[in-house]
Amino acid sequence: MDKYTNRDHPDYIPGTFNIYSSQNLENGIIYESKLKKTSSGVVLIPQPSYSPNDPLNWSSWRKLAHFGLMAFITAFTAATSNDAGAAQDSLNEIYGISYDSMNTGAGVLFLGIGWSTLFLAPFANLYGRKITYIVCTTLGLFGALWFALAKRTSDTIWSQLFVGISESCAEAQVQLSLSDIFFQHQLGSVLTVYIMCTSIGTFLGPLIAGYISAFTNFRWVGWVAVIISGGLLITIIFGCEETYFDRGQYMTPLTSCQSGYEDGTTLQNSDNTAVSRRKRHLDAKLSTPGAMGEKGVDLSETAEFEVNNEEEVTIPETRELIDGSKEHLKPYPKRVAILTKATNLKGYGFKQYFKYLKINLRMFLFPPVWLSGMFWGIQDVFLTFYLTTQESAYYEPPWNYSDFGVAIMNVPTLIGAVIGCICAGIVSDYFVLWMARHNRGILEAEFRLYFSIATAIIGPAGLLMFGIGTARQWPWQAIYVGLGFVGFAWGCSGDIAMAYLMDCYPDMVLEGMVCTAIINNTISCIFTFTCSDWLAASGTENTYIALAVINFGITAFALPMYYYGKRIRLWTKRWYLQSVNLRDGV
């Protein structure tokens, strides 16, 4: 039993990994097969099964094809969620739809993104990942069509609700799909591309929509989205492979840590009291009064996280483990099936659906979820502010920008976001591995937070340069550099938020991202309604000084989390394990 890979081990701490095999794991053999590792000796986490249908065993081209589709979904939904501004002048002039109504539509969009993420998430655990992409793309197509035909205020508001729902699949489902096909040590780089795609859609979407509106008319902003949504929907239906795979049913190299016997095709646990065995593992460290963990944490404090007596933790009964090496690759029609029923689906899954909703909401009790949500959410708030400032200030003297000039202001922000993604993603992957090598191979989730230092300095500096520069009419070069700094903080913070949370609770990726999306988009919704009033009441310069202070303050939360993060993960371990067992036992 290895404490870094087996969550039943009494010394297991979520978010603490050993990038190299420990002595126990190196000697652990099942069917004469050692643990799977990279060519450089990094242990693959999670350990793949022997089945050709395991997404972790997909060929490189299959992974790249799926990754490319997920990247396009992310970029496209981000773009459609930010393109309405290109049509607001025309809607105001032709139909008298006020700018306040457009802001209301933006607020509704954020609510649609955040809360539909929660209500759609259980479908991924019941009917596979693919169905959510189909539902979201279909609703996005409908929202774009409604916007293309908009003539009334209600059209501009309610169409944005459907557009927001369409982006919800990129808030949590995409990350889940990517974690299905990539290993732990690859997620930093993968998330970098994810955040870059979000950046491209967020910053280039308004630019492209502006050109479409200028060269045709504002309705084509919606019609182009309809056309692309239709093509994307067809691609998803016929080309998107399902990544749901119940690895718990299959033998992996880690099953060498279990007692069992070989019967030719299966491995069956010889201990028929799986529940009591798991209880012994959990209670050994977690239920002993005054038991002390690493850094002197009193584990008895976790008692407050115990499940109520009337709420049973359902753990699947002991079952035979399948030797996946004897399976054949599924035929293509089954690999792209619209629905892939979960192995634990009961009937139509109505009761399970509401149980999954409850489990998702449990993640609000985990401090790293709040840190991730605030990191991501506050950057979206700044996005709202500087886009509003661009639209309200730069059409007027002394700037006198055209629609194209204002749209071009998104380019330096995009460049900064790409650099931030690379810094917090690819560079951080090498950095955390370097840190782990100097820590006896032990990788802590908090290593990712080192890169918050750059965000805490560069982000506020960018807000000050843009805000004060706009108010005092500085040269455009200083203002554009400020926008680049803001973009850097946007990309860097997003990457840190996603990677840190996925490292902290690797078996609850979807649930964590759902709560992060709710926090993020609820914060964004609130500030969408207050942005214009704040700028009008305090003025551009004072508003951006306040935003810079808020940026630094929220980013500074990374410091106590770095020092106390492992203690918090240990403190929430029992609740985490119970949540995983509840989900897997639904």
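The backbone N, Cα and C atoms fix where each Cβ goes, glycine too.
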Note to self: Are D89 and T216 on matching sides of the membrane - judged by whether Swiss-Prot gives them the same topological domain name?
What the structure shows: no
Check: What stretch of 131-151, 190-210, 220-240, 449-469 shows the most Cβ pairs under 8 Å to the transmembrane segment (414-434)?
Finding: 190-210
Check: So which residues does the topological domain 'Cytoplasmic' (88-103) touch in its own chain, when a touch means Cβ under 8 Å and the partner is 6 or more beyond its ends?
Finding: 150-153, 156-157, 213, 217-218, 403, 528-529, 531-532
Note to self: DSSP on the topological domain 'Cytoplasmic' (499-508): how many residues come out helix, how many strand, how many coil?
What the structure shows: 6 helix, 0 strand, 4 coil
Item checked: Which of 67-87, 104-124, 131-151, 220-240, 509-529 contacts the transmembrane segment (478-498) most, counting Cβ pairs under 8 Å -> 509-529
Note to self: If I count Cβ-Cβ pairs under 8 A between the transmembrane segment (131-151) and each of 104-124, 220-240, 449-469, 509-529, which range comes out on top?
What the structure shows: 220-240
Check: Can you give the mean pLDDT for the topological domain 'Extracellular' (1-66), rounded to a whole number?
Finding: 76
Checklist line | Secondary structure tally of the topological domain 'Extracellular' (470-477) (DSSP, helix then strand then coil) | finding: 5 helix, 0 strand, 3 coil
Next item on the list: Pull the DSSP breakdown for the topological domain 'Cytoplasmic' (88-103) and write it out as helix, strand, coil residue counts.
Entry: 13 helix, 0 strand, 3 coil
